[in-house]
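**Q** First the structure, which I've put down as structure tokens, then a few questions once you've had a look.
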Amino acid sequence: MSFPFSLLWPPSSKDDSPSAKTPEASVPFSMTDVFLFSIIIGLLTYWFFFRKKKEEVPDFTKIQEKTTNEGSFIEKMKKTGRNIVVFYGSQTGTGEEFANRLAKDAHRYGMRGMSADPEEYDLADLSRLSEIDKSLAVFCMATYGEGDPTDNAQDFYDWLQETDADLSGLKFAVFGLGNKTYEHFNAMGKYVDKRLEELGAQRIFELGLGDDDGNLEEDFITWREQFWPAVCEHFGVEATGDETSIRQYELVVHTDISPDKVYTGEMGRLKSYENQKPPFDAKNPFLAPVSVNRKLNQGGDRYLMHLELDITGSKIRYESGDHVAVYPANDTSLVNQLGEILGADLDMVISLNNLDEESNKKHPFPCPTTYRTALTYYLDITNPPRTNVLYELAQYATDATQQEHLRKMASSHTEGKSLYLSWVVEARRNILAILQDTPSLRPPIDHLCELLPRLQARYYSIASTSKVQPNSIHICAVLVEYKTKTDRINKGVATSWLKNKQPNENGHKSTVPMYVRKSQFRLPFKPSTPVLMIGPGTGIAPFMGFIQERGWLKQQGKDVGETVLYYGCRHENEDYLYKEELAKLLKEGALTQLNVAFSRDQPQKIYVQHLLKKNKENVWKLIHEGNGHIYVCGDARNMARDVQNAFYEIVAEYGKMNQQQAVDYVKKLMTKGRYSLDVWS
């Protein structure tokens, strides 16, 4: 860091000046000259140092504040009488939600808990947690992407890898949030659990492994109901029997407030959508105008779309393979129905203020705002609510049978879990559907807003390259819309919203709040390295950018290796995405080989993995002799697994290996960064 000159070089004092030290010295100047000269030097000194301070000291102060404003979580715990801290690594909000629930549980056992974002604290202080009596650190850690930590847990992960701290006084427990369809299931939770033990910490309860491909909520509840008895036994405490609901926030109604002080959907800074300032990120998204929004498919019962977001002047930079995050808005019809069923004035300006004044989280969402804004931009009203929401809301059901029904689903009993799974999860009942099907349940809207999780950004693989389109980011998406078991039509929040984002709405430019999230899904450093891409359906998105970039490199005179694509769709004449563009790229030589599987154009279904096996000799040469890189994008549950199995078969046959050797060969490719995945479930 460069410091202002005035902070590093003290101004000369009068006693240090030559004239002060040697007043009798013979000099070729008169006393008047010396006097005038001294005044000039003095003025110049004053101008130089004070001007520099005025300009540069504020920046220095700002930097200082940034590094010291969070303080120590140990000091905060001591000050507020807490003895349990629950850290969360969360990308979509679920890890944070689970951490809040565990922290809230503590009062039932005569303890006090706080949830904490590891990004806001120095985790080296874990070695001091034993200074607090009966203290415990719990970690709710989600795994993101291919075994990576979430953004907010990256620093914690780096610290764990590098530290040799003595954590022998630390008591801990870990609950991991993952998805079994991914290669590195719960990698972060497993690593934190293992590493803390290696550093000398004492595990007081076994590692919990939540699976989002199954029932993450049930996994958490099952772990939690065994976790607390273990805590009680270890610390010699007992459950207080206090099952009362504790409000975390208090409602403040603003009757006389300037509209300039009310949030209208901004994620961070007030009025940030009116006065946009880079850099743009999760807390400061850029409002990108939609320049193109067109339907991609020619027929069928689905709606696939291509959007182009204009990022001119934003200073946003992206690479092929990165993700674009967009902040959607809930359907106004759902918002209005919620207001109506609860008898609420949606345009009332309110704040929900944390009752814990020491908490870093002052509000559950940006405040002050209106209920309408909160339900439209800040809260998730379309996903089935978790059991803790049902538990808290049950007290407001005036019908005893309906209240019991809600409490049962929120219980940890087998029957209750089964009822929650069938009545809420499988039936895909959102909060509006639950209120409609539970007529006596009419909670205060402020408590409902306190309980609902935050509406999260949606991530899409960017379907363009900045080498060709530096001021435009392309999105390829499929509209989510389905009928539930209760005959309701559920619509995907983001895709329904994006579909309606036409370039010009009533003469106004339609905009999308967005930012770019960097990815590890990258083209090889050497353009001459062959690439083999497998991306059926919307999984083709990042490969449109890859192919365009390889074509651009070729135009620059670079030696570009083979660029091979395996693409799949249902019918050639219905949902063959980017058909004309791919044909053009193939003709120009940007794409050297195009293999397309039309799964339903013949009696027997043909998928991308079948084409890989059909061309197995060429595939083997590409990866073994050509040292090619493999990229897979799309569905994690079936496609990615089937493609991986196809590679096992090809490697076993042409590499003359047994099954285990073939598996090890492919895993080694992954370790070396030669087999990359960008998949979702």
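In case you wondered, yes, glycine gets a Cβ from its N, Cα and C as well.
From TrEMBL, for reference:
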type    : residues                                                                       : note
REGION  : 1-24                                                                           : region 'Disordered'
DOMAIN  : 84-228                                                                         : domain 'Flavodoxin-like'
BINDING : 90-95, 142-145, 177-186, ASP212                                                : FMN binding site
DOMAIN  : 283-524                                                                        : domain 'FAD-binding FR-type'
BINDING : ARG302, THR538, SER599, ARG600, LYS605, ILE606, TYR607, VAL608, GLN609, ASP642 : NADP(+) binding site
**Q** Which is it, of SER90, SER599: the one of these binding-site residues whose Cβ has the most other Cβ atoms within 10 Å?
**A** SER90
**Q** List the Cα distance (Å, whole number) between LYS605 (NADP(+) binding site) and GLY93 (FMN binding site).
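**A** GLY93 (FMN binding site) has its Cα 38 Å from the Cα of LYS605 (NADP(+) binding site).
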**Q** If you average per-residue pLDDT over the domain 'FAD-binding FR-type' (283-524), what number do you get?
**A** 96
**Q** Inside 10 Å of the Cβ of ARG302 (NADP(+) binding site), count up the other Cβ atoms and send me the figure.
**A** 15
**Q** What is the interatomic distance between the Cα atoms of SER90 (FMN binding site) and ARG302 (NADP(+) binding site), given in whole Å?
**A** 32
**Q** Measuring C-alpha to C-alpha, could you say which of the binding-site residues ARG302, SER599, TYR607, GLN609 are within 10 Å of GLY93 (FMN binding site)?
**A** none
**Q** Return only the integer: C-alpha distance in Å from GLY145 (FMN binding site) to SER599 (NADP(+) binding site).
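**A** Computed Cα spacing between GLY145 (FMN binding site) and SER599 (NADP(+) binding site) is 28 Å.
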**Q** If you count, for each of the binding-site residues GLY93, GLY145, the other Cβ atoms lying within 10 Å of its Cβ, which residue has the minimum?
**A** GLY93
**Q** Between C-alpha atoms, which of these binding-site residues comes nearest to SER599 (NADP(+) binding site): ALA142, ASN179, TYR182, PHE185?
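**A** Considering only the listed binding-site residues, the nearest one is TYR182.
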**Q** If one looks at the chain holding ALA142 (FMN binding site), which residues at least 6 apart in sequence have a CB under 8 angstroms from its CB?
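**A** Residues satisfying the criterion: TYR88, GLY89, SER90, GLN91, THR92, THR94, GLY95, THR150, ALA153, GLY176, LEU177, GLY178, MET188, GLY189.
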